Every structure is written in structure tokens, then in C-alpha cells.
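What TrEMBL lists as active site is ASP302, GLU320, GLU321. Marked as substrate binding site by TrEMBL: ASN305, GLN319, TYR360. Per TrEMBL, the feature domain 'PARG helical' maps to 122-253. For 272-538, the entry in TrEMBL reads domain 'PARG catalytic Macro'.
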Amino acid sequence: MYWLSNCCFTAKDYIIPATKQPPAAAEHFATMEEKSLSSNPDLKSILPYLPLHLRSSSLFWPPQVVEALKALSQGPGQSNVNSGQLLSLAISDIRNSLNYSSRSISTSALEGYALFFDDLMPRDESARWFEVTLPKMAALLLNLPSLLESHYQEARNSSVFGNTCLRLLESQQPGIVLLSRELIAALLSCSFLSLFPAGNRGAKFLPTINFHHLFACLYENYATNQENKIKCIIHYFERVCSCMPLGNVSFERKVLPFDPKANGISYPNSDLWSKSAVTLCSFKVRSFGLIEDQSGEALEVDFANEYLGGGALHRGCVQEEIRFMINPELITGMLFLPAMADNEAIEIVGTERFSSYSGYASTFRFCGDYVDRKDADSIGRLKTRIIAVDALCHPGRKQYGSECLLREINKAFCGFSYQSKGQQYQEPFKDNDHLESEVDFGVKKLNERVINHSMPLAGFSSSSQVTEGAISNELTGCHETNNCQALPNQEKIGVATGNWGCGAFGGDPEVKAMIQWLAASQALRPFISYHTFGSEAMKVLDQVFHTY
């Protein structure tokens, strides 16, 4: 290891001797620890995707990795790592110590690290990075085994959400993982150095988690927006390494079971939607501003890929990828959340925004520090609620048919719903002659007033003809407090969204607006704050919804 040539210590210098105990006590302690960690099914589920080893009920790095991380934690004077080129060598050596294939990280990736830190980053900033930030990241990684052990111990003793242990949250398995922000910083440091095993992730439909793809893309086909994505990541590490944030972040897989006999609310069919008795919520059109700039608390919709994060760690640079760059703690969910099915959504609560930015796609630029002033809840989560829902990709004319409409409205409903309020959701899904087909009415109303397709929109009920006069009274009374009065204990948290599944995904923005309005209303949300992003085509929405 050339970059360690000046180090004057070895891994054995960092082995902490065990405290001597009487044989019986030591055996009892070992047995208890074995039961509490080695046999923990949650740890077993995620262990294949971690770079750590488990033995004698303890998590640990291999000795050579400890040696390398210790050197990095002491700064360039000990490690010799003071440039991107030497950092790439260090990453390659640590990966070799973890027995990863040399072909599993490309030459382009290693050259990408060198390009960014040696050529693109100002020299004084690069020097400070290697002298201050990288050593603290290495110290975090050295502490990763103990952080994880503490996490499992604390999660066992907590009953806030039931089981909140770090585990593989597989498809069709609803649940919550609650992680401290310090543990998240350690896991993301692991991602930055590309130390997570990657070979078995595809079999579980897990997205990329190592950052070397970001740097490979930078080297192979340089683009200014790719450089600025990395700047956001670098800024995150500079911030957390200068002052470690307190608190927690929760990651929840939300599922609408296909089985109608399941507990709570199951996947609603067309007939149930057509019989819904829920009053439409308030709809506020925002011609300017961004979803992430909410002054109050709302569900902020992530126009997601089925694989959480989409192209955030590759070349992607649209709505979801930008959000993951300015709120990098979101990336952690990519470690343990496989791809979403049609009846699933992901809710992430508590991430902090660290970066300001401008532009979109090719014009995206990092614009410096951002101070997130969101309050925290009782368990230390910032009141930032991000809902990842993936729309159909390139649905074409099928998006106007019942099957696609049902899939999209249930996807949005899953994301917008409170998973604990199944009984309250079941009640509005009932027969109501006066509101025979509110969903059908709504879609057809939009069809008549906004969209001029040769193929009419299909509704969710069997009724085939509706006059404009017949619906004029059914869509009135859409005031912000209506649903809250029906449910006195309902939280006053609405939905902040926009043209979900449009743009590159090819969705019709007017149809998607109506779908989200219906889904938010059925989820008993008090309002939708709909961001049109200055779209000329969507200006008509303000006129349409003000007539109701």
C-alpha cells in the first residue's frame, strides 16, 4: 500500500483487550450477546449487504481495513492521502482487503476521483478536504461497527413504531427503519469510499449504493451538472464532519395489500373508488416555487423511479435525483429498500436539506450552503416528509384506460395515506347513491374542460355518460377543513406535488393532477399544493379548480 508507506503502526495496535471476567460470567455474557446479535434476524437480513463481518456476536472490520482507516483518520501526515489520485489508490486497496473483485470498480471511477479532487476542486478546498473532512469520515467508518451494535440494542428497547431495526425491507413487507443521523453519516461515508459489497444486490432488486458510479460518469463523459451533483455530496460531508447533526430519520415501506382480507385498507378496486363518499380537498395551484420550499408541513412528493433514488448515483439529474443530492440522507434508503411494486410507496421523514441549487437537468448547479430551519418532532426527526411514488413510464394512450388509471390512483393513495388509519379509510369506501361515481365524474370533467384527445378518458365505474350539469354540485365544498372536521384528530398535513410522472416518463399532466387530487382527498389530506413549475400548459388548472 504505497499510500500507507509512511505509517508507523499496524492493525494490532488498535485491538482493544477484553476485560477479564470470571469464566462463568464471561460464558453467560457471551451467550446473551449471541442471542441478542448473532441470531438477530434483522441483522442477518442486511449483513450480506454490509462490508462488516460478524463473529462472536461482534461486528468488525477486517484488520487490514482497520489499519487503512486508522491511517486515513490521522490525516495526510500518516496516510499520505493528500490528492484524488492517492485517494483512488486507497479506495482500491481497502476494497482488495475486503476481497472485492478488482473488476468490480472501473478504472474510470478511480480516475473520476482523481479528476474531481485534483483538477476540478480548488486547490485550497481540496487540501482542506484531505486534512479535515476525509479523516473524520474515516473515524466515522472505524466507529461503524459500534454504531450498528448500539442501533440494534436501542431499537430492541424502543416501541415507538414497533420494530425499527436496520434490515432488508423487502417488497410486500410494510415496516419502518429508524436510523440515527450519525449512523447515516457513517453509512454514507461507506458509500463515498465504495465499500459496500455490490455483487448480490441485483438479485434482491436493490439499487446502486456505492458512489464510484458518480465519479465514473464524471470521467467518462464530463458534464457540468454531474460535477455539481458531486459538489452537493462533498458539501454534505463537510457539514456533518464539522458538526454531527443530532436526531433520527425514518424510512417506511408502505403497502396496500392486494388481499382484500388483509388488516387495514387493501388495494381499492374500481368499484370501491366509484362509490367513495369523500369530499374533494382544497386544491392550491402554485405557479412559482418548488416542492421542497414548503413553509409549512406537507408530504413532499418525490417523482420516483421504482428503484428508490433513480439515477441519483449515476447520470440522472431531474426531480428525484436533485432531491437526493440536496438531501443526501435520502440515499441511505437505497441500501435496504428494494424496488417498489405497483401497490407500494416509500415515506422518508427527517432528512435535512444541506445545499442550495439552481437549474434543472443539464443546467443544475450547486449554489452553496442551505440552512434547513424545519422543527423536529418528538423522536428527533425534522418535519420533512418525502413520499416516493413511481409513475408508469411511457404509458402512451393506455394511461387513459381504467387499468392504468387505477394503478396510478392507488399508487398515489398508498403514498398519501396514513398506514395507521385503515379503519378510517375503509368507511368512506361505501355505497352512496348521491356520489355514485365521483372519480368518474372528476376525470370526465377534466376531460371536457382541459383535454382535447380523440380518445376519451375512461372512468372507474360502469356509468358511461355524465352531463356537465350533473356534476356541478358534486365537486363543490372543497375547503381545506372539510376532511379535518370529519376526522377531529386528523393531522393538518397536506400534499405538495406537481407534474408527477410527466416529462421524461410521458404522463399527461392534466390527468396526473386529477389523479393526485382524488388520491389525496381519499387519503383524508386537507389540501394539495400543486406546483406547475411555470408550465404554460398547466396555467389552466387554476381556472378549472376555482370553478368547483
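Every residue, even glycine, has its Cβ placed from backbone N, Cα and C.
With respect to their backbone Cα atoms, ASN305 (substrate binding site) and GLU320 (active site) stand 8 Å from each other. When each of the binding-site residues ASN305, GLN319 is scored by how many other Cβ atoms sit within 10 Å of its Cβ, ASN305 comes out lowest. Around the Cβ of GLU321 (active site), the same chain contributes LYS229, GLY309, GLY310, GLY311, ALA312, each under 8 angstroms and 6 or more positions distant in sequence. Close to ASP302 (active site), meaning Cα to Cα within 10 A, are the following recorded positions out of GLN319, GLU320, TYR360: GLN319, GLU320. Taken together, the residues in the domain 'PARG helical' (122-253) have a mean pLDDT of 95 on the 0 to 100 scale. Long-range Cβ neighbours of TYR360 (substrate binding site) (same chain, at least 6 residues apart, Cβ-Cβ under 8 Å): CYS317, VAL318, ILE322.
Neighbour count (other Cβ atoms within 10 Å of the Cβ, all protein chains): 29 for ASP302 (active site). Cβ-based neighbour count (10 Å, all protein chains) for GLU320 (active site) stands at 23.
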